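**Student:** Right, I'll just put the structure down here and ask away after.
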Amino acid sequence: MKGNVEDRWADRVITVVFVALIIDLLGFTLILPLLPSLLDHYGSVEQVGILASYGIWAVSHSFGLFLVSRALGGASKANISLSTAIIADLPLHKRSKGMAFVGAAFSIGFMFGPPLGAALAGTGSHGALFFMPALLAAAFAASDIVFLALLLPETLPPARRVPSVLSGIKGSSHLFNPVALFRFSAVQETGREAPHKDVVSLRRLGVIYFLYIFLYSGLEYNLGFLTHTRFNFTRMQQGKMLFAVGVAMVIIQGGYVRRLSPGREMAVVQRALLLLIPAFILIGWAPTLPVLYVGLLLYAFASATVVPCLTTAVASYGSPSQKGVLMGILRSLGSLARALGPVLAASAFWGTGARVCFTTGAFLFLLPVLLLCGLRPSAKKSN
């Protein structure tokens, strides 16, 4: 009977987090098909907080103010880390399913957000290209706040939380130091010493995650440039392309990822990373749209599997009170990679051309593949 109650509670948590992330990501992804036009317009320069960022975006009439809105939005994106930390608090047999639903929320957000943003661009009496998408994004953020406040239960019992807020703040200082991030130093500050073998595995997983996000986000960022310069894609066509990728990701996550049994994550990640090599080569060299979409289909498989599986693998380490710290480190590494990857990849794209950029990036995915060899998730069972 107790097991049934816990399962129902875990399912409720997964459902609430899933819906909340969809609402949030719908607002976040409205901007994606507008980025090329915004950059052309302003020049060729390469949840309360989120709501405020969308409000600033709606009234921004200079590139500087637009950057302020995006910086504020990025600083407020702890909700993604919090969502994965909430799922990490769930019993082991529900954790893989929960991470798959987090991934599915991303897919659905990226499926409907970009086409919706493209359709709303330039509409309304205000006249600005981005006013209506920004206004709708702000509405999504506001509704997300209300939804979470009313329906999300607490997932971590008092006995399993960090001893005090001060200790949590002290541990968070390690999240601002890149060296400490890669060493997972914050885990050692939680008051419970992790086994040396686990720390070594976590550091390796951190490097793998960073390399993947660094390469993936850079090449993903160039997708809009490639389709615009080679195939003359409009904003709406960009949105339709991302919609197709999102549909494929939802199918893969719903029919494959959420059914994975614990312990298979590393093999799935390795397979997905290997598929990214032909995926980005096809995308970079695509002479026609059918070839481009074959590459995008392979790309969608990796997009649907790598982050949920790596997150589940990292969540298998550490004590219950360390799950939030682990998720925070992982997301911080991802944020660092997303800050560096697009800048370097865009420089390579415009400096060497699409084919060289995508081919080089594709083969660099062999680095995380090699680091994965011999690595296994923690065998520790946590309830």
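Every residue, even glycine, has its Cβ placed from backbone N, Cα and C.
Here's the feature list from TrEMBL:
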- 1-380: domain 'Major facilitator superfamily (MFS) profile' (DOMAIN)
- 12-35: transmembrane segment (TRANSMEM)
- 47-68: transmembrane segment (TRANSMEM)
- 100-122: transmembrane segment (TRANSMEM)
- 128-152: transmembrane segment (TRANSMEM)
- 202-219: transmembrane segment (TRANSMEM)
- 239-256: transmembrane segment (TRANSMEM)
- 268-286: transmembrane segment (TRANSMEM)
- 292-317: transmembrane segment (TRANSMEM)
- 329-350: transmembrane segment (TRANSMEM)
- 356-375: transmembrane segment (TRANSMEM)
**Student:** Of the stretches 202-219, 239-256, 356-375, which racks up the most C-beta pairs under 8 Å with the transmembrane segment (329-350)?
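**Tutor:** Of the candidates 202-219, 239-256, 356-375, 202-219 scores highest.
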**Student:** Express the predicted model's confidence over the domain 'Major facilitator superfamily (MFS) profile' (1-380) as a mean pLDDT, rounded to an integer.
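**Tutor:** Result for the domain 'Major facilitator superfamily (MFS) profile' (1-380): average pLDDT 74.
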**Student:** Do any residues, 6 or more residues outside the transmembrane segment (356-375), come within under 8 Å Cβ-to-Cβ of it, and if so which ones?
**Tutor:** 201, 204-205, 207-208, 211-212, 215, 218-219, 222, 226, 266, 269-270, 273-274, 276-281, 283-285, 345, 348-349
